[in-house]
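Taken straight from TrEMBL:
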- 296-323: coiled coil (COILED)
- 1-12: compositional bias 'Pro residues' (COMPBIAS)
- 421-439: compositional bias 'Basic and acidic residues' (COMPBIAS)
- 29-424: domain 'FH2' (DOMAIN)
- 447-477: domain 'DAD' (DOMAIN)
- 1-21: region 'Disordered' (REGION)
- 421-442: region 'Disordered' (REGION)
Amino acid sequence: CSSYPPVPPPAPSGLGSPTHHSLPFGLRPKKEFKVETSMKRFNWSKIRPQEMSESCFWVIADEERYESRDLLDRLAQTFAMQDGQALEAQRSIKKRIKQLKVLDPKIAQNLSIFLGSFRMPYEEIRRAILEVDDEQLTDPMIQNLVKHLPEQEQLNALLKYKNDYNSLSEPEQFGVVMSSVKRLRPRLNSILFKLQFEEQVNNLRPDIMAVNAACEEVRKSKAFSQLLELVLLMGNYMNAGSRNAQSFGFDLSSLCKLKDTKSADQKTTLLHFLASLCEEDFPEVIKFSDDLQHVERASRVSAEALEKNLAQMERQLVQLERDLDTFSSPDDPDDLFTSKMTISFIPTVETEQYHKLRIMHGNMGTLYQNMVEYFAIDPKKTSVEELFTDLSNFRTMFVQALKENGRRREAEEKLRRARVAREKAEREKQERQQKRRLVEVNAENSDETGVMDSLLEALQSGAAFRDRRKRAPRPRDDRTFISPSSYRQVLRPCNHGKHHRSVCSA
């Protein structure tokens, strides 16, 4: 690690970092970084030592082992300001309904829509309910019927219109038919519970198991712990001089804020910087995404809904046992509720399954409590769903950042290769031009060299002198170099006629 100026004493009146003696669990004050350039801040949620337990991760975190001058310089060069928003809209539709004698207009409207979607004779629906006909009574049908069924008081009020059946609206006609079924709503709830029980168990068990597995993975992942230490180091360096500096830890929800801190040139984010850093210098940290296999599934689990479903399951089991006692001696011979429910749905078996779920749910609560204490998370402020949604989103964003970094490197490499190719082509062009000029110069030099070589060869062999002796003297136009006596020796008068006189050679 690089050496830095010593940490100055903390500011008075509780400002600055806590003193060594006031820190619990043997914690030492965090290093106070001195940065020469103004940097962008990492807007994390700081955890104070007072919020930690002795076994807390942040007590044993050792981020300084990742500190290097190169890393801090890269942070300083890359980062310097921040953020964004989103909007949503909603709309609703209303419809008119018929004249009514008893039912509330809204209830009648919804009931009319329900009856129109199933298109079964009302007496046939009544028969299916009394006989607990699994082929006719589907889960969606019973759910909608329970949801839109008029209250028992309204059904009783409709009985007096039994003789005026044809004058009633369809929803009220249906109410008249259903009013003759004893304890209609509890009966429908019990049938719905029977239809949904196996599905509820199959849904609740994986939910509980997913949360249990996710709690174990997050707490035990060495790679995830290393990643948190890296983020702690970078955040404390970037936040130097601010109220968020010298932090002992941060809320895990802050991980998703890494993408909000943009680089000075707006081309990258702190998340992409972290992904690149891990890929280049700490590849073992990348494995955290493989370690946290169940956080995505756990993010879809609401602890509140889970508790409500289990409590409702318990109430329904108790109510079913009461209903079986109540319907044990039916007045209507067509009422097969008790016999059908007892044969197809054995309360003791279902109760045992419920108790197993309760034990698993208790273990889940213990594991989750241990995990939030380990990372100093306030369970009153952060639900199971929120925590694992943050972790799942961060895991997805980190993997995506790795891919985007890879694509950016490929694009940069493509541009680099194109630039190299252009430079190579330009060099080759210049080399060809230089070679062409060199060939032309060599050709000129070759001609001159050939003449000189021939002359030297002629001089050496004496051919130049022999040729000169054999060759007649070249006539010259300049007559001043020819003596008059030579004319007398070579020329003589020649008579070709009377009138002309010429000179002939001898």
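Using N, Cα and C of the backbone, Cβ positions are placed for all residues, glycine too.
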In the predicted model, what is the mean pLDDT computed over the domain 'FH2' (29-424)?
87
Cβ contacts under 8 Å made by the region 'Disordered' (421-442) with residues that lie 6+ beyond its boundaries:
none
Under the DSSP assignment, what numbers of helix, strand and coil residues are found in the region 'Disordered' (421-442)?
22 helix, 0 strand, 0 coil
